[in-house]
Structure formats: C-alpha cells, structure tokens
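Copied over from TrEMBL, here are the features:
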- 1-115: domain 'Histidine kinase' (DOMAIN)
- 148-266: domain 'Response regulatory' (DOMAIN)
- 312-409: domain 'HPt' (DOMAIN)
- Asp197: 4-aspartylphosphate (MOD_RES)
- His351: phosphohistidine (MOD_RES)
Amino acid sequence: MGRIRQVIINLVNNAIKYTEKGSVRFSVHVRQKNTDKVMLYYEVADTGIGIRKEDQKILFDAFQRVEMDRNRYVEGTGLGLTISQNLVNMMGGVIEVESEYGKGSRFFFTIEQTIIDPTPVSAVNYNGQKDNVTEKEAECLFIAPEAHILLVDDNELNLVVAKELLKPLRMQIDTAENGLQAVKMVRGSQYDLVLMDHMMPVMDGIEAAKAIRALPEDKYQKLPIIALTANAMVDARKEFLNAGMNGFVAKPIDFARICNQLKLWLPKDLVRDVPKEEAKKLLADDLSDREIQPEDPQMGFSFEEGVNHCGSKAALMKTIRIFYRTIDSKANKIEQCLKEGLISDYVIEVHALKSSALLIGAVPLSEAAKELEDYGKQGKTEVLEEKTPDVLTMYRDLKNILRPYAEKEEDAKKEFSDGEWITALQQIHQCIEQFDLDGVDQIMEQLEEYQVPECIRESMDQLRVYVADVSMEEIMELTDTMTGLLRD
C-alpha cells in the first residue's frame, strides 16, 4: 500500500497544482473480484488546464518541460509523474491519461491485489467512517420533536434518503420538489429551518433563498436556510452565502455534519440533548439493519455502496424501489430533452441521475451521468448525441439487475384489498378535482406501504410519474382506468 499511497499523493498534488478553478476528484472501485484476488481501479480527475494531445505522448518522460513551457504561472513542476509511472509499472499496471486542453484531465490505472484475509472488516461509508456507532455520531445526536422543518429537493430518492437519515432526530419534516413550491410553503407555514437543494428545475435553491429573503416580514430574514449540495467548492460556498443561506451540507449527506448544522441553527428551546449512552443505543437500533449483502455478480451495481450512501439497508431498499420504477420514464425524458435541444433541462435530468445512481450504488452510471452533465454545461451537443445512447443503455440495463431487490421489497409490504384500493384511487381523483395536491401526496405516501395488485402494477408506476409531474388530467383518467381494472 505504500507504493499506491505515493502514486495517489503525486497524482492528486499535480491535479491540485494545475487546477485553478473547479474540482479535483479521487476515486477507487472494485473492477473484478474472486476468492483470492481483486482488481482495483484508481482515478484522479480534475477540471484544470488540461494537456495538449501532442504533449500527452511524452508526458511521463518530460512533464517538467511540457508544463513549464506552457504554464509559467504555476509554481513547481510535475516531476512526480515519472516516479508514479515507474511505481505502477512495478506493480504490473500502467498509468493512462485522458485530457482535453483547457478542460481538465483524468489519470487512471488498475492494479491487481491479493486478498490476504477474506473476512469482511467493518463497513466504511463514503466519508471513510465506520458504520458502527461512533463517538462522533453519539455526541452530536439530539432530538427535536417540536421542530418543524422544510426539506426541498426535486429528486424523490434524495428526499427518501434524507428523511430516513433524519428519523432519529424526531423532527416534523415537510417536503417540497422545487424552489418555487418551497417559497409558497414557507409563506403558508411556520418553519424553524429549511434544508434547500441547489440544482432544481422551475426555481433552483439559490433563487429560492433570495426569494425568501425578499419577503417583507422580518421572520423571513431570520429563517435558517441550509444548502444541500454536491458542489462544496469555495466559489459555490460564496454563492450560497451571498444568496442569504446560513450554511451548507455536502451530498451525500453525512449524519454527524447535518446534525451539527441543525443543532447550530435550530431554535435552542427546541433542541434536547441525548445522553451519550442513550444516543449510542438509539443509533445502534437505527443501524442494526446495515448488514451488507454479497457484491452483486453483475457489474454496475454494488449493494454495499448503496447501503453506505443511503445510511441503512431499509433506506436503500426503499430507494431502489423508487429508482427502479422510474427508469423508463426518466430515460425517455433525457432522450426527449436532447432531441428537442432543451440542453438546460437535459443537464438538470442527468444531474439528478448522477445523484440517484450514486445513492443506490450504481457508481459507473453515476460517473457516466456526471460526464454528460459536464458536456451539457459546456454546450457540446455533438458529444452528447454520441455518448447519451450508451449511457441510457447502461441505465435501462439496471432494470434487470435491480428487479430482484425491487420485487422483494414489494412482496414484503402489507396487503390491501381491491375495495380499499378503489377507495384510495377515488380519493386521489377527488383531491385533483379540488386542486388538493397535498392530499394526493399524502394518499400516495400511504399507498407505498401496501402491495400493489398485479392488474394495476404497471398503471401504478405511471401514476407515480403523473403525480410527480403534476399532470392533473392524466391522473384523473388513469385513476378511473385503474378503478375499472380492479372491478373487472
């Protein structure tokens, strides 16, 4: 591991040195695994100055000359690359590079490692923290049963995971699907704090924060607003603070960090500290279902990664069910946005896919969606037209992989008679006629606890899509159709 550590340090240092704006990302994934060997893929990617194609051929032999000629403003050189290549060669691998001048670079290599002890160690989550109850988690735990907060995110999966993660705090949590809806809900209710996603359609988090701060009453100036963001770079932080937000929490959400932010900004009289030993017991009960299943033999999905990101097996299973049922509609929407030239909408959709795929442990799909998002932001429509079909094939292929998990979750639900389903569908129809969207959401949430009859299972998937899109006429027509199917 000493050699690998030195290689990673060298690659990351070079990436930071030549990245004035943007980000540097390090990742490692299992590519192949058997009883005694594992292939590990390492990657360091940046959004820095990039390297010209003609220079990439001599990069590891003459990096100092190449970069010093073109980038005199950068202090230091990349001499460590030659050393890194030699070290990786000694371990049976080769460092490869993909780069676009002016846009950034990716350095990556694959190394075979021997499994010394196949016994699993304690699972480690995305921030490198053990999944048992840590002192840090126990110290920050509190309860606030009288606190009323608003959670804003356009991604249903993110809402599910966040609500599951915050369950131990016992807060009253309302949800909104975009910034405009959040502003309306803030005006109509008394909230103690708002957790606001950044990138959303209709109105994003920054626009929503500014709109809330512009409301006339003094209470709206004092309402704590915490950003939830996958972009925690310095420039983004400044943008959040300039919009009037009080702080931010990076995605995927870390339990200890969000607890600390909530404890800092919630009214003190609503927060009750929990003794450490009691906190450990509460969290131990909450984490008891984090048992890790064996790695899925099919590439593209890791149950362990999903548990780490969702926080528990229960939350992951619920998230998989939602992800699974929306694959076709979401993939079709991405295709439609690209076909109609709606690139800003396309970027929002693939950004959501990036986040959702990461939550369930579909890391390759998440990374592919991020690449599409970056190309979309750069306006490279020709590249999008070339790469999008392959990514959507990967996306749709996940249906076969996730089906056993999704169907297992469906079978574990409580039974509901056809008559009770008919009553619920009629209530949804009535709510739409009365423009009671909150009522529709409440009924749909309750129905998630029950098995869906086989005759309306596909229709139920479509109904969820219509409800998410607030397609009112379609909801009324479909609920009538579903009622007829149940009566036949």
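The backbone N, Cα and C atoms fix where each Cβ goes, and this holds for glycine too.
Unlike curated entries, TrEMBL annotations are predicted automatically.
Helix, strand and coil residue tallies for the domain 'Response regulatory' (148-266), in that order: 57 helix, 24 strand, 38 coil [DSSP]. Reported as a whole number, the C-alpha separation between Asp197 (4-aspartylphosphate) and the residue listed as 'phosphohistidine' equals 12 Å. Across the range of the domain 'HPt' (312-409), the DSSP-based residue counts are 88 helix, 0 strand, 10 coil. Over the domain 'Response regulatory' (148-266) the predicted model carries a mean pLDDT of 87. Close to His351 (phosphohistidine) in the fold, though at least 6 residues off in sequence, lie Met199, Ala369, Glu373, each with a CB less than 8 Å from its CB.
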